[in-house]
Amino acid sequence: MSDRGVVAVYDNCSSELLEQSSTAGNKKAPSTAFSVKAGLAQMLRGGVIMDVVDAEQARIAEEAGACAVMALERVPADIRARGGVARMSDPALIKDIKRAVTIPVMAKARIGHFVEAQILESLGVDYVDESEVRTYIQTKLHNTCMHAMHAVRERCFNIIYIFCKVLTPADEAHHINKHAFRVPFVCGCRNLGEALRRVREGAAMIRTKGEAGTGNVVEAVRHVRAVMGEVRALRGMEEDEVFAYAKRIAAPYELVMQTKQLGRLPVVQFAAGGVATPADAALMMQLGCDGVFVGSGIFKSGDPARRARAIVRAVTHYNDPDVLAEVSSGLGEAMVGINLADTKVERFAARSE
């Protein structure tokens, strides 16, 4: 996907639809045209966005070649370990990071918390990430039981839901109207329907969700393959089938049709969640992503600066096994990962639709 040149943003129909939403969304402050926001996001294609918690880490990321940094008070691995309510980062921290680097600075706002987004915009961040609600899910295998009506043996699971987050949600029903802001927004997705709903709300960049803070790329792979597989299936549909498909995935018909015509999402798509090694980053690129987010995988490793440089090179040369072998050598200890196949492990399960 990164070989195909600049992404077409919107055709006349969907562009008009989104620009109308943009002008109607906020009567107090003028918003930026969606095509401009999407164009800004395209400037990050082929790059690595790194989570940082202070100015020193931000400088390491910039020196390593990151295209942007995400300003956080805690990386996802620490959020998993400590729990509690995760909110927008302290504005003072964001200002310190902005002063320390020249590359774009992103920051997270809770889902539905438009006031946090307003604050971040006033601070001058370059992108706002509307961080999806997640829950920890712990599953415990119970003994098999007999289904009385169908006389078949089934496995029964005791599901314990403990609400948690990358950021804790502020509104469980409503996302931010992103057209009402000048700053571009980034949103997560697990499938094509979620991606296009976020784009309709004004997201200028989409990222897969994965399992942040685990160092395990399996969920990121699952989500990327889900999106790409649905796009491939969509391309093979007749036009009269697209109406029913758009209804089934609860996405706007205009965006579904445009995705069919483009053969990809109409905005930049990054991978996120569990990327910890140069090989993980190259895998995401070869699966068709435009770039990667890396969180705990860098600054929870033994040699963050070297690993950061290696991941940036891996994204640039993702189709060259010789370069990938070189940059993967001698990186020191990687972050301690979490085996998501273990039924005793608490898992993040995205709940935003």
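Glycine is no exception: its Cβ is also placed from the backbone N, Cα and C atoms.
Here the domain 'PdxS/SNZ N-terminal' (34-142) has, by DSSP, the following mix of helix, strand and coil residues: 46 helix, 29 strand, 34 coil. Positions annotated as domain 'PdxS/SNZ N-terminal' by TrEMBL: 34-142 (among others).
Summarising the environment of ASP51 (D-ribose 5-phosphate binding site), the number of other Cβ atoms within 10 Å of its Cβ, over all protein chains shown, is 26. According to TrEMBL, the D-ribose 5-phosphate binding site annotation covers ASP51, GLY213, GLY274, GLY295, SER296.
Taken from TrEMBL, the feature active site, schiff-base intermediate with D-ribose 5-phosphate covers LYS108.
Annotation source TrEMBL lists domain 'PdxS/SNZ N-terminal' at 165-272 (among others).
According to TrEMBL, the D-glyceraldehyde 3-phosphate binding site annotation covers ARG225. In this structure, ARG225 (D-glyceraldehyde 3-phosphate binding site) is part of a helix by DSSP.
The Cβ of ARG225 (D-glyceraldehyde 3-phosphate binding site) lies under 8 Å from the Cβ of LEU287, each of which sits 6+ residues away along the same chain. Neighbour counts of Cβ atoms within 10 Å were taken for the binding-site residues GLY213, GLY274, GLY295; the minimum is at GLY213.
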